[in-house]
Amino acid sequence: MESRVTWMLLCVLLRPLATQNPAPEGVLNCCEGDVLFLVDSSGSVSSYEHSRMLTFLSELLLPFSLGEDQVRVGLLQVGTKPRLEFGFNTHSTQSGLQEALRHIKPLRGDTNTVEALRMAKESVLRPGAADGARAGLPRVLVWLTDGVKPGDVIGPMAELREQGVAVLVVSTGHGNYQVLRQVVSPPVESNLYFVDIDDLSIITEDLRDAIIEIIRAERMNVRDVSTNSATLQWRPVLSGLKGFYEIRFGPVPTEGAGGGGGGDGTSPSTSGSQYQRITQSADSSTTRLTGLKPDTKYTATLTPESNDQAFNMLSVTFQTKPEVLSPAVVTISDSGETSVRVSWGPSQPEKVTSYYIEYSALPRGKLHAVTVGRTQNSTLLRDLQPDTTYLVTVSARHHSGTEKAMSVKVCTQEVTPALTDLQLTTVGSDSVQVDWKSNSGGLRGYWLTWEGQQSSISGQRSSFYLPPDSLSTRLTHLPPATRVCVSPIYRSARGEGLCCTTQFHSDALAYGYQS
């Protein structure tokens, strides 16, 4: 009977006490990343020391939320032939992880740390590898060693750090400080630990905090902030669970205001009368906060509520944008010789009664004005002078009685010649081919004139009209020296044309034209 009582007592003493401890505040649902533990279980590590290391890992990892969207853990043992005890995809629950830690056996043999690091680099910690790390998420290597003959680890550890892996080291024996301080990621004071095997629990919280600092996930953030609204976005931690999200938000008090953010479980109080409460379903990940005041600091909290699992309350602080009265920007487009388009913004039809646009040529041109409705955000100014600088002022008349104006300078374009490249090509002894190019649309046609230049036929000239789609014609029976001119015809007048003179080696006096 006495031996049976002793056996029962021994079982109670050996049961891991860590499983009875509640998760420390701020750790549940705090992080997202992949953490690989490199555990020395070679011949220099006694069974007792190996057991203490695993108990330490059990206590260290117990508070973390595990899973695809949370923390994933792998464990690689160091011996003559290093062995991956379990990879990142193996355990998604604490019960499974804790059970696996209790059943790990030491490997013994040599301390082949270099080979273990090669395995870690090529498979476990390499994104995209089977059961490997997730791309784009933090990766952490925690090395537990007794410090006895670890091998040439400086080079392999440097390669891991260059690939973005954060390296932390816990030495329980006679490790070389100069070597270990070279392999850890900065800061050394929070990522390198020397501790006796029986005092590992002393560093549990500090090491956990160091890991959290690396893999902490931004669980809630604010985007699309405007003067009166903002969007909250979070990772859907309740996906697949029964529950809902409770969101509270309100302005930060001007006195005694507290900060928020980061999802660490602490936030300013959101229980006052100024705070609003909304709820979202378990499968949602965003919500739009509306009815906010301009240029005001707000605090928002998100509490995932579920009977299936406990989650931390997340908080964030943000500030709405200052109110901008229209016009805040005036732009010019479609600038031509006699017109420009003036646009302004932002569009505020609910606040503006009308817009008043004034414009005049600089320095002392006549002032012109036009009024447009509150829904309009642009207008075309017409009948301007070419190659002229104008001062344009857009004024908004607001319902509140205020008026805001903004001015810009704009230049109209120079007049582009309607015709270019007039060419005369002689054909025979008294004919010429006339070709030209047009740079202007909307012409009504062309007026062609030719005149003899020799004294014997001076004053003899002829003119005729050509339609707008004509860009060439042929003149025949011309005098030996003839001046040919082509002019554009606009809606209201004839424009300035181009002229060329042609010479023929002929005594012919007959002349005429052929179109």
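Just so you know, glycine gets a Cβ as well, placed from its N, Cα and C.
Listed in TrEMBL for this protein:
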SIGNAL    1-19  signal peptide
DOMAIN    34-211  domain 'VWFA'
REGION    253-297  region 'Disordered'
COMPBIAS  256-265  compositional bias 'Gly residues'
COMPBIAS  274-289  compositional bias 'Polar residues'
DOMAIN    326-418  domain 'Fibronectin type-III'
Other parts of the chain folded back onto the compositional bias 'Polar residues' (274-289), taken as Cβ under 8 Å at six or more residues beyond its ends: 229-236, 238-239, 241-251, 298, 300, 306
Helix, strand and coil totals (DSSP H, G, I; E, B; other) for the compositional bias 'Polar residues' (274-289): 0 helix, 10 strand, 6 coil
DSSP helix/strand/coil residue counts for the domain 'Fibronectin type-III' (326-418): 0 helix, 50 strand, 43 coil
Segment-level pLDDT (mean, integer) for the domain 'Fibronectin type-III' (326-418): 90
